[in-house]
């Protein structure tokens, strides 16, 4: 006896086999020198050009020597009162 509210199990489809020659062509297309078009990357680049953020891992402005342990440059103390 079947119930009106019972659901049947979904039918799973098998993927077609992937050929090695298809993989070689796909790998070559991934690394072509294309400009990144994501909104996140675009906003990040605009912020860097405006000087409002530190150089990111995506920019080539990093030297690799930047760490959190660097001593701050000597300068006058800033006051929050003006």
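For all residues, glycine too, the Cβ spot is worked out from N, Cα and C.
According to Swiss-Prot, the phosphoserine annotation covers 2. Positions annotated as region 'Disordered' by Swiss-Prot: 1-34. For 10-18, the entry in Swiss-Prot reads motif 'Nuclear localization signal'.
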Open item on the list: Across the motif 'Nuclear localization signal' (10-18), what are the DSSP residue counts per state (helix, strand, coil)?
Closed with: 0 helix, 0 strand, 9 coil
Open item on the list: Give the mean pLDDT for the motif 'Nuclear localization signal' (10-18) on the 0 to 100 scale.
Closed with: 83
